[in-house]
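Inspection log for the structure reproduced underneath, given as structure tokens.
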Amino acid sequence: MPKKFAITSDHAGFKRKEEIVEYLKNQGFEVNDLGPKNEESVSYAVYGNKLANFLLENPEQIGIAICGTGLGMSYALNRFKKIRAARITSENDAYFAKLHNNANVIALSGRFNSKDESICFIKKFLESEYEGGRHQERIDELDK
């Protein structure tokens, strides 16, 4: 089954969002762009909440959230049960976010990682498989 993505950003992540949308579409992935549509100042909290609610209704999709550092979006998203947003700053982060935490959202920096680094992190995340086992018990605790 082809992977589907839902993506959002704030103003600081807008340019990177547009680059990632283009990349994913060129790779044949379906992408739901939840905005914003330009670089005007917007709240990461509003767009993070929008992505979380979308993913709760569409759990088969992978979320990508981009703000200045990736932190604000991850904070907004992780307030929701069943959302596991991982701020990714390295290939190891991407690998373990999936392997141990079964992350369903990748939170990226629009300021501190290049387009190529961001794409590399996404690729590593997609190549990784959730290990389950003892890790599932911990995830279940988070969703209580």
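Every residue gets a Cβ built from N, Cα and C, even glycine.
TrEMBL annotations: computationally assigned, not manually curated.
Bear in mind that the values here come from a model prediction, so they are computed numbers and not experimental data.
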From Arg79, Arg111, grab the residue that TrEMBL records in the same D-ribulose 5-phosphate site as Asp10, His11, Gly68, Thr69, Gly70, Leu71, Gly72, Asn101, Arg134, Arg138.
Arg111
Taking the recorded positions one at a time (His100, Arg111), which has its Cβ surrounded by the most other Cβ atoms within 10 Å?
His100
What count of other C-beta atoms do you get within 10 angstroms of the C-beta of Gly72 (D-ribulose 5-phosphate binding site), across all chains shown?
21
Over all shown protein chains, what is the count of other CB atoms within 10 A of the CB belonging to Gly70 (D-ribulose 5-phosphate binding site)?
27
Inter-residue C-alpha distance, Gly70 (D-ribulose 5-phosphate binding site) and His100 (active site, proton donor) (nearest angstrom)
20
Which three-state DSSP class does Arg111 (D-ribulose 5-phosphate binding site) fall into?
coil
